[in-house]
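What Swiss-Prot annotates here:
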- 18-24, 68-69, 90-94, Tyr191, Lys195: NAD(+) binding site (BINDING)
- Ser136, Tyr191, Asn220, Arg259: substrate binding site (BINDING)
- Tyr191: active site, proton acceptor (ACT_SITE)
Amino acid sequence: MSDVNASLVDGKKILVTGGAGFIGCAISERLAARASRYVVMDNLHPQIHANAVRPVALHEKAELVVADVTDAGAWDALLSDFQPEIIIHLAAETGTGQSLTEASRHALVNVVGTTRLTDAIVKHGIAVEHILLTSSRAVYGEGAWQKADGTIVYPGQRGRAQLEAAQWDFPGMTMLPSRADRTEPRPTSVYGATKLAQEHVLRAWSLATKTPLSILRLQNVYGPGQSLTNSYTGIVALFSRLAREKKVIPLYEDGNVTRDFVSIDDVADAIVATLAREPEALSLFDIGSGQATSILDMARIIAAHYGAPEPQVNGAFRDGDVRHAACDLSESLANLGWKPQWSLERGIGELQTWIAQELDRKN
(Lines of atoms letter the chains of each structure in order from A and count residues from 1; the text may use other names and numbers.)
(Lines give C-alpha, C1' and ligand atoms only; values in the text may rest on other atoms or scores of the structure.)
Protein backbone atom coordinates (compact mmCIF):
# COMPACT_ATOMS: atom_id res chain seq x y z
CA MET A 1 0.00 0.00 0.00
CA SER A 2 1.33 3.42 -0.94
CA ASP A 3 2.23 5.75 1.92
CA VAL A 4 2.01 8.93 -0.17
CA ASN A 5 -0.50 11.64 0.77
CA ALA A 6 -3.61 11.00 -1.30
CA SER A 7 -5.69 13.77 0.30
CA LEU A 8 -6.48 15.25 -3.12
CA VAL A 9 -8.48 12.13 -3.98
CA ASP A 10 -10.33 11.80 -0.67
CA GLY A 11 -14.07 12.18 -1.19
CA LYS A 12 -13.73 12.63 -4.94
CA LYS A 13 -15.78 11.01 -7.68
CA ILE A 14 -13.33 8.94 -9.72
CA LEU A 15 -13.75 7.25 -13.10
CA VAL A 16 -11.24 4.66 -14.29
CA THR A 17 -11.42 3.48 -17.90
CA GLY A 18 -10.03 -0.01 -18.41
CA GLY A 19 -10.09 -0.20 -14.64
CA ALA A 20 -10.76 -3.93 -14.33
CA GLY A 21 -7.41 -4.84 -15.84
CA PHE A 22 -3.96 -5.44 -14.38
CA ILE A 23 -3.15 -1.87 -13.40
CA GLY A 24 -6.76 -0.95 -12.71
CA CYS A 25 -7.23 -3.59 -10.04
CA ALA A 26 -4.01 -2.54 -8.34
CA ILE A 27 -5.01 1.12 -8.10
CA SER A 28 -8.52 0.22 -6.97
CA GLU A 29 -6.97 -1.21 -3.81
CA ARG A 30 -5.39 2.17 -3.15
CA LEU A 31 -8.13 4.55 -4.24
CA ALA A 32 -11.63 3.01 -4.22
CA ALA A 33 -12.16 3.29 -0.48
CA ARG A 34 -11.01 6.92 -0.48
CA ALA A 35 -13.40 8.10 -3.19
CA SER A 36 -17.00 9.15 -2.63
CA ARG A 37 -17.80 7.14 -5.73
CA TYR A 38 -15.40 4.99 -7.74
CA VAL A 39 -16.60 3.81 -11.15
CA VAL A 40 -14.74 1.43 -13.45
CA MET A 41 -15.60 1.28 -17.15
CA ASP A 42 -14.23 -1.86 -18.80
CA ASN A 43 -15.36 -4.11 -21.66
CA LEU A 44 -13.81 -7.23 -20.04
CA HIS A 45 -12.19 -8.17 -23.34
CA PRO A 46 -11.61 -11.95 -23.56
CA GLN A 47 -7.95 -11.48 -24.49
CA ILE A 48 -7.40 -10.12 -20.98
CA HIS A 49 -10.31 -11.64 -19.08
CA ALA A 50 -10.73 -15.34 -19.81
CA ASN A 51 -14.24 -15.12 -18.36
CA ALA A 52 -16.36 -11.99 -18.62
CA VAL A 53 -16.85 -11.76 -14.87
CA ARG A 54 -15.84 -9.18 -12.29
CA PRO A 55 -12.17 -9.69 -11.35
CA VAL A 56 -11.61 -10.91 -7.81
CA ALA A 57 -8.83 -8.32 -7.40
CA LEU A 58 -11.11 -5.35 -8.13
CA HIS A 59 -11.90 -3.54 -4.87
CA GLU A 60 -15.38 -4.24 -3.52
CA LYS A 61 -16.27 -0.54 -3.48
CA ALA A 62 -15.57 -0.15 -7.19
CA GLU A 63 -18.71 0.03 -9.34
CA LEU A 64 -18.10 -1.96 -12.52
CA VAL A 65 -19.77 -0.77 -15.72
CA VAL A 66 -19.21 -3.29 -18.50
CA ALA A 67 -18.95 -1.09 -21.58
CA ASP A 68 -16.56 -0.20 -24.39
CA VAL A 69 -14.81 3.18 -24.49
CA THR A 70 -15.47 3.37 -28.25
CA ASP A 71 -19.25 3.26 -27.71
CA ALA A 72 -20.69 6.79 -27.64
CA GLY A 73 -24.00 5.48 -26.33
CA ALA A 74 -22.27 3.83 -23.39
CA TRP A 75 -20.61 7.13 -22.52
CA ASP A 76 -23.96 8.91 -22.61
CA ALA A 77 -25.54 6.30 -20.35
CA LEU A 78 -22.69 6.53 -17.85
CA LEU A 79 -22.15 10.29 -17.70
CA SER A 80 -25.83 11.18 -17.58
CA ASP A 81 -25.78 9.69 -14.08
CA PHE A 82 -22.19 10.28 -13.00
CA GLN A 83 -19.99 13.36 -13.18
CA PRO A 84 -16.43 12.37 -12.29
CA GLU A 85 -13.98 14.88 -10.84
CA ILE A 86 -10.94 12.71 -11.56
CA ILE A 87 -10.53 10.49 -14.63
CA ILE A 88 -7.81 7.84 -14.88
CA HIS A 89 -7.61 6.75 -18.51
CA LEU A 90 -6.12 3.24 -18.63
CA ALA A 91 -8.21 1.71 -21.41
CA ALA A 92 -5.96 0.68 -24.31
CA GLU A 93 -4.94 -2.07 -26.65
CA THR A 94 -1.32 -2.83 -25.77
CA GLY A 95 0.05 -5.52 -28.08
CA THR A 96 3.18 -4.27 -29.85
CA GLY A 97 3.42 -7.20 -32.25
CA GLN A 98 -0.33 -7.61 -32.53
CA SER A 99 -0.73 -3.97 -33.55
CA LEU A 100 0.97 -4.70 -36.88
CA THR A 101 -1.84 -7.02 -37.94
CA GLU A 102 -4.65 -5.39 -35.96
CA ALA A 103 -3.83 -1.73 -36.48
CA SER A 104 -7.47 -0.67 -36.81
CA ARG A 105 -8.37 -2.22 -33.47
CA HIS A 106 -5.49 -0.43 -31.75
CA ALA A 107 -6.34 2.90 -33.37
CA LEU A 108 -10.04 2.50 -32.59
CA VAL A 109 -9.57 1.82 -28.89
CA ASN A 110 -6.53 3.99 -28.18
CA VAL A 111 -7.40 7.03 -30.30
CA VAL A 112 -11.15 6.97 -30.97
CA GLY A 113 -11.80 5.67 -27.45
CA THR A 114 -10.04 8.77 -26.16
CA THR A 115 -11.99 11.16 -28.38
CA ARG A 116 -15.23 9.47 -27.30
CA LEU A 117 -14.20 10.30 -23.74
CA THR A 118 -13.48 13.96 -24.47
CA ASP A 119 -16.65 14.35 -26.55
CA ALA A 120 -18.74 12.91 -23.73
CA ILE A 121 -17.16 15.21 -21.15
CA VAL A 122 -18.07 18.24 -23.27
CA LYS A 123 -21.55 16.97 -24.13
CA HIS A 124 -22.47 16.44 -20.49
CA GLY A 125 -20.84 19.64 -19.23
CA ILE A 126 -18.55 17.90 -16.77
CA ALA A 127 -15.89 20.01 -15.01
CA VAL A 128 -13.08 17.48 -14.62
CA GLU A 129 -10.45 18.50 -12.08
CA HIS A 130 -7.69 16.16 -13.27
CA ILE A 131 -7.16 13.61 -16.05
CA LEU A 132 -4.38 11.06 -15.74
CA LEU A 133 -3.34 9.10 -18.84
CA THR A 134 -1.14 6.03 -18.65
CA SER A 135 0.98 6.13 -21.79
CA SER A 136 3.90 3.90 -22.76
CA ARG A 137 7.63 3.82 -23.28
CA ALA A 138 6.68 2.64 -26.80
CA VAL A 139 6.20 6.29 -27.83
CA TYR A 140 9.99 6.71 -27.79
CA GLY A 141 10.68 3.91 -30.26
CA GLU A 142 14.42 3.22 -30.35
CA GLY A 143 14.93 6.52 -28.56
CA ALA A 144 18.10 8.60 -28.51
CA TRP A 145 21.57 7.11 -28.92
CA GLN A 146 24.98 8.69 -28.38
CA LYS A 147 27.98 8.32 -30.68
CA ALA A 148 31.53 8.04 -29.37
CA ASP A 149 32.11 11.74 -30.11
CA GLY A 150 29.13 12.71 -27.95
CA THR A 151 26.73 13.40 -30.81
CA ILE A 152 23.14 12.41 -30.03
CA VAL A 153 21.21 10.78 -32.85
CA TYR A 154 17.88 9.06 -33.38
CA PRO A 155 18.63 5.95 -35.48
CA GLY A 156 14.97 5.07 -35.96
CA GLN A 157 13.40 1.70 -36.57
CA ARG A 158 15.62 -1.24 -37.37
CA GLY A 159 14.78 -2.43 -40.87
CA ARG A 160 13.94 -5.96 -41.94
CA ALA A 161 17.29 -6.36 -43.78
CA GLN A 162 19.19 -5.32 -40.65
CA LEU A 163 17.29 -7.78 -38.48
CA GLU A 164 17.58 -10.65 -40.96
CA ALA A 165 21.34 -10.08 -40.97
CA ALA A 166 21.33 -10.33 -37.15
CA GLN A 167 22.69 -6.79 -36.86
CA TRP A 168 20.91 -6.19 -33.62
CA ASP A 169 22.60 -3.03 -32.37
CA PHE A 170 23.56 0.29 -33.93
CA PRO A 171 27.39 0.08 -34.22
CA GLY A 172 29.43 2.68 -32.39
CA MET A 173 26.49 4.05 -30.42
CA THR A 174 25.10 3.71 -26.90
CA MET A 175 21.43 3.96 -25.99
CA LEU A 176 20.48 6.84 -23.69
CA PRO A 177 17.73 6.27 -21.10
CA SER A 178 14.58 8.08 -22.16
CA ARG A 179 13.35 11.14 -20.30
CA ALA A 180 10.22 12.99 -21.30
CA ASP A 181 11.72 16.48 -21.21
CA ARG A 182 14.64 15.66 -23.49
CA THR A 183 13.91 12.52 -25.55
CA GLU A 184 11.86 13.00 -28.69
CA PRO A 185 9.03 10.50 -29.13
CA ARG A 186 9.55 8.55 -32.35
CA PRO A 187 7.48 5.35 -32.16
CA THR A 188 8.52 2.34 -34.24
CA SER A 189 5.36 0.28 -33.71
CA VAL A 190 1.73 0.85 -34.58
CA TYR A 191 0.94 0.48 -30.88
CA GLY A 192 3.45 3.19 -29.96
CA ALA A 193 2.07 5.46 -32.68
CA THR A 194 -1.48 5.11 -31.32
CA LYS A 195 -0.32 5.84 -27.77
CA LEU A 196 1.47 8.97 -28.95
CA ALA A 197 -1.66 10.01 -30.85
CA GLN A 198 -3.62 9.43 -27.65
CA GLU A 199 -1.22 11.76 -25.82
CA HIS A 200 -1.54 14.42 -28.52
CA VAL A 201 -5.34 14.30 -28.51
CA LEU A 202 -5.54 14.74 -24.75
CA ARG A 203 -2.84 17.43 -24.68
CA ALA A 204 -4.60 19.54 -27.31
CA TRP A 205 -8.02 19.05 -25.75
CA SER A 206 -6.96 19.59 -22.15
CA LEU A 207 -5.00 22.77 -22.89
CA ALA A 208 -7.95 24.19 -24.83
CA THR A 209 -10.44 23.33 -22.09
CA LYS A 210 -8.07 24.17 -19.20
CA THR A 211 -8.37 20.65 -17.82
CA PRO A 212 -5.23 19.60 -15.90
CA LEU A 213 -3.56 16.59 -17.52
CA SER A 214 -0.90 14.21 -16.23
CA ILE A 215 0.73 11.68 -18.55
CA LEU A 216 2.77 8.77 -17.21
CA ARG A 217 4.92 6.90 -19.72
CA LEU A 218 5.19 3.43 -18.24
CA GLN A 219 8.03 1.02 -18.85
CA ASN A 220 7.45 -2.78 -18.80
CA VAL A 221 5.02 -3.41 -15.96
CA TYR A 222 4.91 -6.85 -14.34
CA GLY A 223 3.69 -8.48 -11.17
CA PRO A 224 0.77 -10.19 -9.44
CA GLY A 225 -2.49 -9.68 -11.28
CA GLN A 226 -1.23 -9.64 -14.84
CA SER A 227 -2.88 -11.89 -17.38
CA LEU A 228 -1.48 -15.40 -17.54
CA THR A 229 -3.31 -16.17 -20.79
CA ASN A 230 -2.62 -13.10 -22.95
CA SER A 231 0.36 -14.02 -25.13
CA TYR A 232 0.68 -10.51 -26.54
CA THR A 233 1.69 -8.71 -23.38
CA GLY A 234 3.74 -9.49 -20.31
CA ILE A 235 6.83 -11.54 -21.13
CA VAL A 236 7.60 -11.95 -17.43
CA ALA A 237 4.36 -13.88 -16.96
CA LEU A 238 4.91 -15.78 -20.21
CA PHE A 239 8.43 -16.82 -19.23
CA SER A 240 7.18 -17.77 -15.76
CA ARG A 241 4.57 -20.09 -17.22
CA LEU A 242 7.16 -21.83 -19.41
CA ALA A 243 9.69 -22.21 -16.60
CA ARG A 244 7.06 -23.52 -14.21
CA GLU A 245 6.39 -26.29 -16.75
CA LYS A 246 10.16 -26.96 -16.92
CA LYS A 247 10.23 -25.79 -20.53
CA VAL A 248 13.05 -23.87 -22.16
CA ILE A 249 12.49 -20.11 -22.31
CA PRO A 250 13.14 -18.94 -25.89
CA LEU A 251 14.93 -15.62 -26.32
CA TYR A 252 14.65 -13.36 -29.36
CA GLU A 253 17.63 -11.81 -31.12
CA ASP A 254 20.78 -12.55 -29.11
CA GLY A 255 19.15 -12.37 -25.68
CA ASN A 256 20.72 -8.99 -24.97
CA VAL A 257 17.59 -6.95 -25.65
CA THR A 258 17.09 -4.78 -22.57
CA ARG A 259 13.98 -3.53 -20.84
CA ASP A 260 13.15 -1.56 -17.72
CA PHE A 261 10.95 -3.91 -15.70
CA VAL A 262 8.86 -2.10 -13.11
CA SER A 263 6.70 -3.68 -10.41
CA ILE A 264 2.94 -3.20 -10.50
CA ASP A 265 3.11 -1.95 -6.91
CA ASP A 266 5.56 0.77 -7.89
CA VAL A 267 3.38 1.76 -10.85
CA ALA A 268 0.20 1.90 -8.76
CA ASP A 269 2.01 4.00 -6.16
CA ALA A 270 3.24 6.35 -8.91
CA ILE A 271 -0.34 6.86 -10.10
CA VAL A 272 -1.49 7.68 -6.57
CA ALA A 273 1.50 10.00 -6.09
CA THR A 274 0.63 11.84 -9.30
CA LEU A 275 -2.97 12.33 -8.18
CA ALA A 276 -1.71 13.53 -4.79
CA ARG A 277 0.07 16.48 -6.46
CA GLU A 278 -1.66 19.77 -7.06
CA PRO A 279 -2.51 19.26 -10.75
CA GLU A 280 -0.79 21.40 -13.38
CA ALA A 281 -1.92 22.26 -16.90
CA LEU A 282 0.37 19.52 -18.22
CA SER A 283 2.69 17.10 -16.43
CA LEU A 284 4.65 14.36 -18.17
CA PHE A 285 6.69 11.74 -16.31
CA ASP A 286 8.50 8.47 -16.94
CA ILE A 287 7.71 5.56 -14.63
CA GLY A 288 10.03 2.58 -14.40
CA SER A 289 12.63 1.01 -12.15
CA GLY A 290 15.37 3.17 -13.65
CA GLN A 291 17.39 0.02 -14.39
CA ALA A 292 17.92 -1.68 -17.75
CA THR A 293 17.89 -5.49 -17.55
CA SER A 294 18.65 -7.86 -20.39
CA ILE A 295 15.96 -10.33 -21.36
CA LEU A 296 18.53 -13.08 -20.81
CA ASP A 297 19.23 -12.02 -17.22
CA MET A 298 15.53 -11.75 -16.44
CA ALA A 299 14.85 -15.17 -17.97
CA ARG A 300 17.69 -16.72 -15.97
CA ILE A 301 16.22 -15.41 -12.71
CA ILE A 302 12.88 -17.02 -13.55
CA ALA A 303 14.41 -20.29 -14.78
CA ALA A 304 16.54 -20.58 -11.64
CA HIS A 305 13.46 -20.12 -9.46
CA TYR A 306 11.90 -23.25 -10.96
CA GLY A 307 15.03 -25.23 -11.74
CA ALA A 308 14.10 -24.97 -15.42
CA PRO A 309 16.59 -25.41 -18.28
CA GLU A 310 18.92 -22.58 -19.28
CA PRO A 311 17.09 -20.09 -21.54
CA GLN A 312 18.08 -20.43 -25.19
CA VAL A 313 18.64 -17.76 -27.81
CA ASN A 314 16.79 -18.56 -31.04
CA GLY A 315 17.68 -15.55 -33.19
CA ALA A 316 14.04 -14.78 -33.99
CA PHE A 317 12.81 -11.19 -34.01
CA ARG A 318 9.65 -9.10 -34.20
CA ASP A 319 9.21 -6.15 -36.53
CA GLY A 320 8.75 -2.97 -34.52
CA ASP A 321 10.47 -4.22 -31.38
CA VAL A 322 13.07 -1.84 -30.00
CA ARG A 323 16.54 -3.04 -29.05
CA HIS A 324 16.89 -1.29 -25.71
CA ALA A 325 14.46 0.54 -23.45
CA ALA A 326 15.00 2.16 -20.08
CA CYS A 327 14.12 5.48 -18.52
CA ASP A 328 15.80 8.24 -16.57
CA LEU A 329 13.76 8.77 -13.39
CA SER A 330 15.39 12.00 -12.22
CA GLU A 331 12.41 14.24 -13.02
CA SER A 332 9.90 11.76 -11.63
CA LEU A 333 11.86 11.34 -8.40
CA ALA A 334 12.22 15.10 -7.99
CA ASN A 335 8.57 15.97 -8.61
CA LEU A 336 6.33 13.09 -7.55
CA GLY A 337 7.48 12.33 -4.02
CA TRP A 338 7.77 8.74 -5.23
CA LYS A 339 10.50 6.23 -5.94
CA PRO A 340 10.43 2.55 -6.94
CA GLN A 341 10.74 0.13 -4.03
CA TRP A 342 10.90 -3.26 -5.73
CA SER A 343 14.05 -4.95 -7.03
CA LEU A 344 13.60 -7.27 -10.01
CA GLU A 345 14.56 -10.35 -7.98
CA ARG A 346 12.05 -9.55 -5.24
CA GLY A 347 9.34 -8.67 -7.73
CA ILE A 348 9.79 -11.85 -9.76
CA GLY A 349 9.68 -13.91 -6.57
CA GLU A 350 6.42 -12.22 -5.57
CA LEU A 351 4.98 -12.93 -9.01
CA GLN A 352 5.85 -16.64 -8.79
CA THR A 353 4.12 -16.89 -5.41
CA TRP A 354 1.01 -15.27 -6.87
CA ILE A 355 1.04 -17.52 -9.94
CA ALA A 356 1.16 -20.61 -7.71
CA GLN A 357 -1.77 -19.31 -5.66
CA GLU A 358 -3.78 -18.54 -8.80
CA LEU A 359 -3.22 -21.97 -10.28
CA ASP A 360 -4.11 -23.65 -6.99
CA ARG A 361 -7.27 -21.54 -6.75
CA LYS A 362 -8.39 -22.52 -10.24
CA ASN A 363 -7.59 -26.23 -9.87
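Glycine too: its Cβ is placed from the backbone N, Cα and C atoms.
Cβ neighbour count for Gly24 (NAD(+) binding site): 26 (other Cβ atoms within 10 Å of its Cβ, all protein chains included).
Of all the binding-site residues listed (Ser136, Asn220), Asn220 has the fewest other CB atoms within 10 A of its CB. Applying an 8 A CB threshold to same-chain residues 6+ apart, the list for Ala20 (NAD(+) binding site) reads Val40, Asp42, Leu44, His49, Arg54, Pro55, Leu58, Leu64.
For Arg259 (substrate binding site), the same-chain residues that are 6 or more apart in sequence and have a Cβ closer than 8 Å to its Cβ are Gln219, Asn220, Ala292, Thr293, Ile295, Met298, Ala325, Ala326. The Cβ of Phe22 (NAD(+) binding site) lies under 8 Å from the Cβ of Ile48, Val221, Gly225, Gln226, Ser227, Gly234, Ile264, each of these being in the same chain and 6 or more residues away along the sequence. The binding residues for substrate are recorded as Ser136, Tyr191, Asn220, Arg259; their greatest pairwise CA distance is 17 Å. With respect to their backbone Cα atoms, Glu93 (NAD(+) binding site) and Ser136 (substrate binding site) stand 11 Å from each other. Closest to Ser136 (substrate binding site) by Cα-Cα distance, out of the binding-site residues Gly18, Gly24, Val69, Ala91, Tyr191, is Tyr191. Within 8 A of the CB centroid of the substrate site residues Ser136, Tyr191, Asn220, Arg259, the other residues of that chain are Thr94, Thr96, Arg137, Ala138, Leu218, Gln219, Ala325.
Using a 10 Å radius centred on the Cβ of Val69 (NAD(+) binding site) and all shown protein chains, the other Cβ atoms total 26. The number of other Cβ atoms within 10 Å of the Cβ belonging to Gly18 (NAD(+) binding site), over all protein chains shown, comes to 25. Following the DSSP three-state reduction, the secondary structure of Gly24 (NAD(+) binding site) is helix.
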